[in-house]
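Engineer: After the structure tokens below, expect a handful of questions from me.
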Amino acid sequence: MEFSTNFRHTWAEVNLTAIKENMKMIRQSYPNKRIYVAVKANAYGHGYIPVSEAALEAGADALAVASLDEAILLRDAFPEASILVMGWTDPRYVSIAVETDIQLTAFQAEWFAQAASVLKDKQEQLKIHIKIDSGMGRIGIKTKEEAYAVIEEVTKFSSEFEMSGIFTHFATADSFDLSYYEKQMNYFYEMLEIFSPIRTPETQIHIGNTAASIRFPDDMVDGIRFGIGLYGLYPSKEVEEISSYQLKEAFSLQSRLAHVKKMKPGEHISYGATYEAEQEEWIGTVPIGYGDGWIRKLQGFEVLIEGEKSKIVGRICMDQLMVRLPKAYPVGTKVTLIGENGGQRIRVDDVADYLETINYEIPCIITNRVPRVYLTN
């Protein structure tokens, strides 16, 4: 459930103009290739529908998600869009994919037999993309023996399936060390050759995630999958350092002071009384907490108020946190947790670095209790 109201004064802003400009940037680099935009996990926490609409308007060819559930949600909003499910789908539900014109990923020989039994009375074919595990170790066809078994099943049930694509995913395209990337690339092409008998001129080969698409344009084949870059974030610091792309960050997180009080020396704040005021201090309470995705490990991180940094003190609560203020700000003063404020900026990467994680995770963990507000400029 997403809230359409914001009486609490905590919200996330998603700049759709930035989304469009990032999309146009990659489209300009790949004018003749098919671009799938990854909008799984609520568009990386940015919002399925508004982000998908912006990306399609800016030149995306297809939407890519993780599950059939996500695909159906998008199909209801975009009746004509091309939609690919990149994760595994239970073969019992393939008729739903056919009826809604959703493309599925497949990689198990037994899956094709099971899916074919469901599809035998359907007049239309199921569009499938074969996933090759070239070294990610997640899902996909890993061995040549598995590949031959899949080919046998696809050939046996050729009237049920349309070969729409073959793809893989790189584990280290965002790293300076290219040895593993090259190993994956070589193995993918070995496997691709095996699939020649069932490929058609319409079968799309797509191998590029954001990192590979930015770094290795000459390696891309028929299409790319643009994920984290759509949201103005780089896959790694290594990619950001060498990239010629000037991506525009789309996500920010805002709140307002709900209460301001003066603490005396020796007084304590929050659960466990772990923070003790050493002198007279102004403390502000902000209505956001770990129930919103601003997790307890962010104690000690700083927020921006009127361009000044204020440190989070005491344990972060489910719905609120406290910050040490340089002065007594009025209740209602804007608090920026991610984004720009008074000429200063907190990036998504800053939060990720503090938590020792990746930038992908930060917008994703901001819960649906935080309304998304969509901006254009």
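Residue positions begin at 1 at the first shown residue.
Cβ coordinates are placed from backbone N, Cα and C, and glycine is handled just like the others.
According to TrEMBL, the N6-(pyridoxal phosphate)lysine annotation covers LYS40. Per TrEMBL, active site, proton acceptor is recorded for LYS40, TYR271. What TrEMBL records for ARG138, MET318 is substrate binding site. If you look up TrEMBL, you'll see 250-375 marked as domain 'Alanine racemase C-terminal'.
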Engineer: How many whole Å apart are the CA atoms of LYS40 (N6-(pyridoxal phosphate)lysine) and TYR271 (active site, proton acceptor)?
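Structural biologist: So the alpha carbons of LYS40 (N6-(pyridoxal phosphate)lysine) and TYR271 (active site, proton acceptor) sit roughly 36 Å from each other.
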Engineer: To the nearest whole angstrom, state the Cα distance for the pair TYR271 (active site, proton acceptor) and MET318 (substrate binding site).
Structural biologist: 11
Engineer: With DSSP as the yardstick, break the domain 'Alanine racemase C-terminal' (250-375) down into helix, strand and coil residue counts.
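Structural biologist: Residue counts in helix, strand and coil order: 22 helix, 51 strand, 53 coil.
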Engineer: Give the number of CB atoms, excluding that of TYR271 (active site, proton acceptor) itself, located within 10 Å of its CB.
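Structural biologist: TYR271 (active site, proton acceptor) is surrounded by 11 other Cβ atoms within 10 Å.
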Engineer: Under 8 Å Cβ to Cβ from ARG138 (substrate binding site), same chain, six or more residues apart: give me those in sequence order, or none if nothing qualifies.
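Structural biologist: Sequence-distant Cβ neighbours: HIS169.
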Engineer: Rank the recorded positions LYS40, MET318 by the number of other Cβ atoms within 10 Å of each Cβ and report the first-ranked residue.
Structural biologist: LYS40
Engineer: Do you know the mean pLDDT across the domain 'Alanine racemase C-terminal' (250-375)?
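Structural biologist: The average pLDDT of the model in the domain 'Alanine racemase C-terminal' (250-375) works out to 98.
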Engineer: For LYS40 (N6-(pyridoxal phosphate)lysine), which of the three DSSP-derived states applies: helix, strand, or coil?
Structural biologist: helix
